[in-house]
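Annotation comment: TrEMBL describes 17-139 as domain 'Cytochrome b561'. What TrEMBL records for 20-40, 47-72, 84-102, 122-139, 151-172 is transmembrane segment.
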Amino acid sequence: MPGLHGNESLRTKAHIAHGTVISTAIVLWFPLGAIILRLFSSKNAAWWHIVWQMTGMFLLLVGFALGCWLSYLHNELWNKSHEVFGTVIVGLFFLQPVLGLVHHRYFSVTGKKNYKRVLHIWYGRILIALGIICGGMGVKLAANATKGETAAYGAVAGVVFVAYIASLLSYYRRGGTEENSLEANRDARELPK
């Protein structure tokens, strides 16, 4: 019978679930959401971006909740750098949708890009980078991760990074600009105000 902090099998499963879910959100889901917005010039691209990223936020919260539960299971509430750093990063992620909404509302009124767009884009890129670093800290903290698991985490992060850069290069090579992209996505001005 498991004690107050669960048995070893439960903790192992919780570690795997936490690492898998939160890595999926940060290493795959959020970057792909940015890629979707740049590569697809359909009239619904802005809506797809919003729905995709909100799904990523859900995954992030599930992964974070699992991480909090793990801290409880180990009776180590936020006394490791991975836990503190991860908590701060998750908190900072909540500002990103607000920045996106502020950017969108400004564009809806003026039809022009400005620093709010740049702030939304770069804030997201920085959060993803910090999240990937925190994930690496988590792999190291797990201490029982095999070299293969550690290499897989790095490889997936690297492949997504290359895909993200390739999508940006493709977008700009096609003559893409924020104005062209949002002009092509007429829906972008029709999102709720």
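All positions are counted from 1 along the displayed chain.
Any Cβ shown, glycine's included, is placed from N, Cα and C.
Just so you know, TrEMBL annotations never went through curation; they're auto-generated.
Tertiary proximity for the transmembrane segment (47-72) is limited to same-chain residues at least six positions away from its ends with a CB under 8 Å from its CB atoms, namely 5, 11, 14-15, 17-18, 21-26, 29-30, 32-34, 36-37, 40, 78, 83, 86-87, 90, 93, 96-97, 100, 187, 191. Beyond the ends of the transmembrane segment (84-102), by six or more residues, the same chain brings 22, 50, 53-54, 57, 60-61, 64, 67, 78, 116, 119-120, 123-124, 127, 130-131, 133-134, 137-138 to within a C-beta distance below 8 angstroms of the stretch.
The average pLDDT for the domain 'Cytochrome b561' (17-139) in the predicted structure is 90. Across the domain 'Cytochrome b561' (17-139), DSSP assigns 106 helix, 0 strand, 17 coil.
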